[in-house]
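Before any comments, here is the structure.
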Amino acid sequence: MEVLDTTVDLGTLQGKSALITGGASGIGLATARAWAAAGMYVTIADIQPLETGQNILADLAGGHVHYVCCDVTSWESQITAFKEAIQFTPSKALDIVAAFAGVSFAGGNQVDHVLAAGDPRLDVNPSPPDIRNIQVNLIGVYYTSWLGLYYLRLSPTNKAANPSPDKSLILMGSIGSYMDSPKASTYPASKFGVRGLFRSTRARTRELGVRCNLLAPWFIDTPLIAPMKKAMAARGIDMAQRLTFASVDACVEAATTCAANPQLHGTPPIRYAYCLKT
């Protein structure tokens, strides 16, 4: 098992531009904070209202940070976010796209939901299932990946603003991209899908001059798992006593390594602090 060298020169990020979907909370916000501190032009695209974005911008005052409301399940909304991110940068080009938007673990195996629908009948149609996990975590990431590979090819109008040609696409999977989960269906389906997208895409993104990597964090105590913690608590289980959470800082370090290390691309199995695995 190869160990990831996280020694990176943050100076290489100075002046670069990034779009982070899901950047208003959790790993996305922590990454935006770190990259802004490194001197990057960071656009946060998130479904949270503009007021939330304005509060984030106030908190990150002094950095080059832009906020745009974005529903990642909407193709048009994502195009708007990409165009705003490009216009925000002096180079009028993007260097890094981080597809971090996601919704929390939705419990219930598909079999549970089928049984809950009752005995099969021909005179009544069953209600459609809740597939928001798949819509946001997989389709949304697919849209971001597609548009990232499309817009990352733009040449900077001002090469002096950022002369580096290195481009990076970072996809957000999870431990659910690798681990069986008989207690749920849509969340692991979405995360296995992101892993499949990564494994099929990484072989060819170099043709477009783009590096592609996958983050697959272990459980992290962020707002994303709040519903899971609540459900476990209702059963008398304290997740904090049963699990050792990975840290947000470790995930940010892994994301920054993917962004800054020009040699890191679609690498065979790497494990980094329960956080990065390909």
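Indices start at 1 and increase along the chain as displayed.
For all residues, glycine too, the Cβ spot is worked out from N, Cα and C.
Its Cβ placed at the centre, Tyr187 (active site, proton acceptor) has 24 other Cβ atoms within 10 Å. Taken from Swiss-Prot, the feature active site, proton acceptor covers Tyr187, and the record attributes it to sequence analysis.
Neighbours of Lys191 (active site, lowers pKa of active site Tyr), defined as other CB atoms within 10 A of its CB across all chains, total 27. Annotation note: Lys191 (active site, lowers pKa of active site Tyr) sits in a helical segment as assigned by DSSP. Annotated active site, lowers pKa of active site Tyr per Swiss-Prot: Lys191, in sequence order, evidence recorded as similarity to another entry.
The annotation NADP(+) binding site is assigned in Swiss-Prot to Ser25, Ile27, Gln48, Asp71, Tyr187, Lys191, Ile220, Thr222 on the grounds of similarity to another entry.
Swiss-Prot lists Met1 with the feature N-acetylmethionine.
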Expressed in Å to no decimal places, the gap between the Cα atoms of Ile27 (NADP(+) binding site) and Tyr187 (active site, proton acceptor) is 18
Determine the most Cβ-crowded residue among the binding-site residues Ile27, Ile220, using a 10 Å radius around each Cβ and all protein chains in the structure.
Ile27
